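Novice: Questions regarding the structure given below will be posed in turn.
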């Protein structure tokens with residue numbers, strides 16, 4: 001039998017990427033409304049729970065299948081949207097952001113690993129997922145622009161509408177085709193399948209029914225099978241995965257320090273709070289557009305390791321440039337938006353190329369599945385450190401220009 005068409009598979013992974021990250025980017029786009037003087041607080045609340053979920057995944061992913069994790073994602077989204085929508089205290093709103101962050105991290109670690117089961121379409125599924133997460137950035141800022149800026153809804157109204165995204169997320173997941181060789185009605189892996197419930201890569205049969213809920217991710221030992229990383233997780237990271245994780249960490253640190261620190265303190269004129277909000281919004285629009293373009297390029301351009309390592313260096317240079325621009329106001333104008341687009345291109349390029357390189361470089365099967373899940377923590381670490389740095393960057397730039405409202409005190 002001929003292998004199934006990947007169109008439905010790729011569309012589902014694109015939509016899963018978009019919907020998984022939609023709440024995350026809606027919170028970023030609403031950061032100024034939640035805490036005008038502490039954008040970094042919103043950014044930190046939007047990444048720390050995600051990071052904790054990813055770090056804890058080896059302890060419990062093996063015991064929890066994809067469908068329970070999807071249902072947990074939906075519950076986290078619902079709680080998060082309600083807290084942000086219905087709370088008057090920004091601290092409770094930050095708690096709502098935390099719930100949405102946990103959902104994003106759980107979904108990312110799960111669905112990145114799930115692509116490894118869809119051989120021989122893993123690389124294309126990764127690109128579709130990456131493209132969807134890039135589109136989520138544009139979608140999130142469009143959501144805020146449409147419902148809040150154009151239609152005049154409050155933060156509460158726009159967040160309550162987010163409940164519709166929960167239904168869409170679940171619907172797309174259950175429409176996802178099963179991995180090759182899956183049989184309808186099967187429950188768990190048998191003990192002799194080496195901890196991975198998927199057919200071999202050369203399987204040419206598609207199950208008669210079922211869906212993604214019939215697949216179980218095994219991060220450690222599972223079902224009595226062999227550990228796919230016998231040398232240990234730490235040695236796997238330091239010996240193999242660091243060359244993908246370090247570029248992700250650096251590029252995400254640089255771009256999120258720009259967003260939460262420097263871009264939040266630029267405006268024409270900078271003394272006008274409305275002008276600062278406008279630049280922050282437009283800068284992020286262009287950034288997200290760049291991310292979407294580059295994350296959609298995984299099947300067209302595959303960067304080699306040298307290029308993968310060079311892109312974070314360029315991103316760091318742009319962070320330094322934007323810091324000097326925000327402080328000394330040279331090259332100060334709307335032309336900076338073009339550079340924001342480049343920032344997005346570099347960030348999205350590192351993301352998609354790191355994961356597609358893993359799909360090529362790392363042995364296929366459970367080992368690759370584990371690698372994809374582990375590497376996903378690198379960007380979260382970068383964002384977390386960037387958010388702390390961004391708080392102080394914003395505070396110091398505010399202090400330099402004599403602006404009030406910063407949530408932190410500049411130590412200089």
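Residue 1 is the first one shown; counting continues down the chain.
Glycine too: its Cβ is placed from the backbone N, Cα and C atoms.
Taken from TrEMBL, the feature region 'Disordered' covers 183-211. The annotation signal peptide is assigned in TrEMBL to 1-25. Feature annotation from TrEMBL assigns transmembrane segment to 70-88, 126-146, 158-176, 305-328, 334-358, 370-393.
Structural setting of the listed features?
Specialist: Residues 20, 23, 27, 30, 34, 95-100, 102-103, 106-107, 110, 155-157, 159-160, 162-163, 165-166, 169-170, 173, 212-213 of the same chain lie 6 or more positions beyond the ends of the transmembrane segment (70-88) yet place their CB under 8 Å from a CB of it.
If you look at the transmembrane segment (126-146), the same-chain residues 6 or more away from its ends with a CB under 8 A from one of its CBs are 9-11, 13-30, 108, 111-112, 115, 158, 281, 284-285, 287-289, 291-299, 344, 348, 351-352, 355-356, 359, 372.
Proximity of distant same-chain residues to the transmembrane segment (158-176), defined by a Cβ-Cβ separation under 8 Å and at least 6 residues beyond the stretch ends, is recorded for 8-9, 12-13, 15-16, 19-20, 22-23, 26, 30, 70-71, 73-74, 77-78, 81-82, 84-85, 96, 143-144, 147-148, 211-213.
Proximity of distant same-chain residues to the transmembrane segment (305-328), defined by a Cβ-Cβ separation under 8 Å and at least 6 residues beyond the stretch ends, is recorded for 243-244, 246-247, 250-251, 254-255, 257-258, 261-263, 265-266, 336, 339, 342-343, 346-347, 349-350, 353-354, 357, 393, 397, 400.
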